[in-house]
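S.K.: Taken from Swiss-Prot, the feature active site, proton acceptor covers HIS177, and the record attributes it to sequence analysis. What Swiss-Prot lists as NAD(+) binding site is GLY7, ALA8, ALA9, GLY10, GLY11, ILE12, GLY13, ASP34, ASN94, ILE117, THR118, ASN119, MET227. Residues or ranges marked as substrate binding site by Swiss-Prot: ARG81, ARG87, ASN119, ARG153.
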Amino acid sequence: MKVAVIGAAGGIGQALALLLKNRLPAGSDLALYDIAPVTPGVAADLSHIPTPVSIKGYCGEDPTPALEGADVVLISAGVARKPGMDRSDLFNINAGIVKSLTEKIAVTCPKACIGIITNPVNTTVAIAAEVLKKAGVYDKNKLFGVTTLDVIRSETFVAELKDKDPGEIRVPVIGGHSGVTILPLLSQVQGVEFTAEEVAALTPRIQNAGTEVVEAKAGGGSATLSMGQAACRFGLSLVKALSGEEGVVECAYVEGNGEHARFFAQPILLGKNGVEEIQSYGELSAFEQEALESMLDTLRGDIKIGEEFVQ
């Protein structure tokens, strides 16, 4: 199994590469690519970690050597948020980066599963889909917006609030991956009850957790380490499912039946071909139903921007 990390010299990419080097199954190949010349050095550094995962780094304008033969491609390339920016402020730079990288994927490894980490995910996934469609290689079961960070934040904050082991908490998060489009389904957390006040406080905290980190880093970056962990969790789940393990479920932002929007995050059963089944997210509370309905215009607007960028 070959996994390619694109944008591997950045804060997320390096954290993700470190985790994958330690946690990918024995015999896996890990390819690191970034435009930055430091990338082969990042791979050399990680190659000294004694795990049965081979690693190679590539830099320069062309990601093709890193992409050749890849089963999974995780894209974290782009610029990070700074204080005062929201994820959509990143669009002007990151849209072009995702477009050109996806064009290379369409030619080099069109059958790979692609996980998009680069923000704004609500929009960059739509860009990737349109690029792949134009190239005649789009498979909606193999393109994912990685929203796992919203899930792990939800699990962490719920565990803290309720004094539970975070490893035992499961919180489905639906919708999109920015602001009001992030909807944690707190009503579905098993073995935990929330007051209306707790839900009203916890929901926006999860939605704005990225801003919390950006401000805490005081201009020194955004959420890179927790995002690296989230992307590793999703990447490893993909690898397990592609290898034939059954019952692997993660929330991700994918093209489904279009009930709410063309792309929508919800629980996904992963399989040998990517999305095996888009699972029902069950019944919503009145609070969640209202939040869902009020976010849809924002989400659909984000998607439209991505679609129009490629036209």
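Every residue gets a Cβ built from N, Cα and C, even glycine.
Have a look at these and tell me how they're positioned relative to everything else.
M.R.: Listed in sequence order, ALA80, GLY221, SER222, THR224, LEU225, GLY228 are the same-chain residues six or more apart from GLY11 (NAD(+) binding site) with CB atoms under 8 A from its CB.
In three-state terms derived from DSSP, ARG81 (substrate binding site) belongs to neither a helical nor a strand segment and is classed as coil.
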S.K.: To the nearest whole angstrom, state the Cα distance for the pair GLY7 (NAD(+) binding site) and ASN119 (substrate binding site).
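M.R.: Here the two Cα atoms are 13 Å apart.
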S.K.: On a C-alpha basis, identify the one among ALA9, GLY13, HIS177, MET227 that is nearest to ASN119 (substrate binding site); the candidates are the recorded positions.
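M.R.: Closest by Cα: HIS177.
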S.K.: If you count the other Cβ atoms within 10 Å of each Cβ, which of the recorded positions ARG81, ARG153, HIS177 comes out on top?
M.R.: HIS177
